[in-house]
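S.K.: What TrEMBL shows for this protein is this:
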SIGNAL    1-30  signal peptide
COMPBIAS  24-36  compositional bias 'Low complexity'
REGION    24-131  region 'Disordered'
COMPBIAS  37-75  compositional bias 'Basic and acidic residues'
COMPBIAS  76-90  compositional bias 'Low complexity'
COMPBIAS  91-108  compositional bias 'Basic and acidic residues'
COMPBIAS  109-120  compositional bias 'Basic residues'
């Protein structure tokens, strides 16, 4: 019987302690120092610049893919002229898929490039805030 009573008191004390801990307010996070802001701004500018370059490369890759699709369509036209309709149809369908892939790469590249510009602007704003 004594063990049950002791056990109950321990549980009650634990619950009271947990309730008290839950009521204490969390400390406010410290505002970043100007040195931290400057460092973060420089990192954002560097990262954004890399993103812009990567986006530009993706755009160039997409345009190259679109040019390849044009060459495939021309080849399909030659095959059709030679009387190879089945091969021409397959190559034409492949050219359509390739062109769609190229357009998607161009869109993705433009999106990444814009995100990089945004990142650079964010870094510049952080550097200005640090001063």
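Yeah, the Cβs are placed from backbone N, Cα and C, and that goes for glycine too.
Since we're looking at a predicted model, the values are computed, not measured.
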S.K.: Please indicate, using numbers and ranges, the residues of the same chain that are 6 or more beyond the compositional bias 'Basic residues' (109-120) and have a C-beta under 8 Å from a C-beta there.
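M.R.: Distant contacts of the compositional bias 'Basic residues' (109-120): 44-45, 47-62.
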S.K.: Apart from its near flanks, which chain residues at least 6 from the ends of the compositional bias 'Low complexity' (24-36) lie with a Cβ under 8 angstroms of it?
M.R.: 130-131
S.K.: For a three-state summary based on DSSP, what are the helix, strand and coil counts in the region 'Disordered' (24-131)?
M.R.: 94 helix, 0 strand, 14 coil
